[in-house]
Amino acid sequence: MSSSGMPDLPAPLTNIKIQHTKLFINNEWHDSVSGKTFPVFNPATEEKICEVEEADKEDVDKAVKAAREAFQMGSPWRTMDASERGQLIYKLADLIERDRLLLATLESINAGKIFASAYLMDLDYCIKVLRYCAGWADKIQGRTIPVDGEFFSYTRHEPIGVCGQIFPWNAPMILLACKIGPALCCGNTVIVKPAEQTPLTALHVASLIKEAGFPPGVVNIVPGYGPTAGAAISSHMDVDKVAFTGSTEVGKMIQEAAAKSNLKRVTLELGAKNPCIVFADADLDSAVEFAHQGVFTNQGQSCIAASKLFVEETIYDEFVQRSVERAKKYVFGNPLTPGVNHGPQINKAQHNKIMELIESGKKEGAKLECGGGPWGNKGYFIQPTIFSNVTDDMRIAKEEIFGPVQQIMKFKSLDEVIKRANNTYYGLVAGVFTKDLDKAVTVSSALQAGTVWVNCYLAASAQSPAGGFKMSGHGREMGEYGIHEYTEVKTVTMKISEKNS
């Protein structure tokens, strides 16, 4: 254990044999009904890792049936003490911690994550999320209500039922934990569809679900494509809720499918173009580093990236200079290699999309300060890229890039920057850097975002809720608010012969 409290960093595993490539339904491994599989690739080498069974509508039907049976009244899961539910989630967290090295290595190979980041940050957060949720299992309580008349009234917080959970490829282990943790602690059953690009860690966790002792059907994991498996979950008449993290475009489709089927509950965490505002009175060293990490962590592949950076004009030139110096310090290469701190984008499609947006910045008149092109002859690498002299009407200032591209814009006044920061369809997170407390409170109140970080960035935690305003989605994940997204409140009122205070 290091002096910071983080575990020491071991070497990644070598010559890993992929053990789990089938669908996990009812605590058993299944081939797909269609017999189809799909390839999974290493984005750093472009080499195929393995083939994984491809879930389709028929496989989703099997998973939903298993989840529904596990949720029936009188089932082992429904009759289990809440404290025992919590113990199962604690056990799952312990098993993930035991297999931390394997999971971090898989995350690095399959998702292109820097190994140190996967091991020290992603897996650490995943374990903390599950333990936080485990602690909530026997603390979800209703209320007694002093209603008028000769009645006794109380509320129950009941599990919603069968929950579909769909998430993308940029943080597979974190997203898996943030989905299943709250759902399971409330007593729901789940059908998980990980991204087709990155199913391997979720499938290993499936084996740990069974080892931990969860009853059959409580957790089902069905890798597949969005238009088939994802659509089947969203439109299924026997799924009670769907939680989705991904693009706004797909989020709209999921909400529409939910409405047109059985009006299932929906939680959405969608696209973003997050403003980060640096005032002249900020600690410049700290602001440069936080803003840098905010956009370049995980090669910019983050819905909470600081992708719309506003810097007050009196410090603008120095801020740009320091940011460029920082961005030039990266070491590219295989994410498993010690010392490498900049990995690949997830696939060719994302690589091409990011490069197209970089080219648009050049054409529309932004000043390219560094980067601006691909790196290497193999793998989907893009150089950390910084643009200055960016204006609000440029595509790079308006569209979610999801890559290692920092746009630095200039502002003059507080009122101006608030208006410009809010001039977007999105509202997921924001950052504010200032030593002025009044300014910090004023701006954080005015920004239309579900999370505002002051003098920090990427400071997410299991205890704090996260979610979006506007087209960045609705509902919350994590914290007490996120737990209650997985319950229905039932009111029970009884006639009594006499009521006393």
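Positions of Cβ are set from backbone N, Cα and C atoms, glycine also.
Computed from a predicted structure; not experimentally measured.
As recorded in Swiss-Prot, the features of this protein are as follows:
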type: SITE; residues: N170; note: site 'Transition state stabilizer'
type: BINDING; residues: G246, S247, T248, E249, V250, G251; note: NAD(+) binding site
type: ACT_SITE; residues: E269; note: active site, proton acceptor
type: ACT_SITE; residues: C303; note: active site, nucleophile
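Shown on the structure are the features that Swiss-Prot records.
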| residue | record | Cβ contacts under 8 Å, 6 or more apart |
| --- | --- | --- |
| N170 | site 'Transition state stabilizer' | A111, N298, Q301, S302, C303, I346, F402 |
| G246 | NAD(+) binding site | I166, F167, P168, L270 |
| S247 | NAD(+) binding site | L270, G271 |
| T248 | NAD(+) binding site | L270, G271, Y425, Y426, M471, S472, G473 |
| E249 | NAD(+) binding site | G271 |
| V250 | NAD(+) binding site | G226, G230, F244 |
| G251 | NAD(+) binding site | F244, L268, L270, G271, G473 |
| E269 | active site, proton acceptor | F244, T245, C303, L428, A466, G467, G468, S472, G473, G475, E477 |
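Every protein chain considered, the tally of other Cβ atoms within 10 Å of the Cβ of C303 (active site, nucleophile) stands at 25.
According to DSSP, S247 (NAD(+) binding site) is assigned to coil rather than to any helix or strand. N170 (site 'Transition state stabilizer') falls outside any helix or strand according to DSSP and counts as coil.
Those same-chain residues not listed among G246, S247, T248, E249, V250, G251 yet with C-beta within 8 angstroms of the centroid of the NAD(+) site C-beta atoms are F244, K252, M253, I254, L270, G271.
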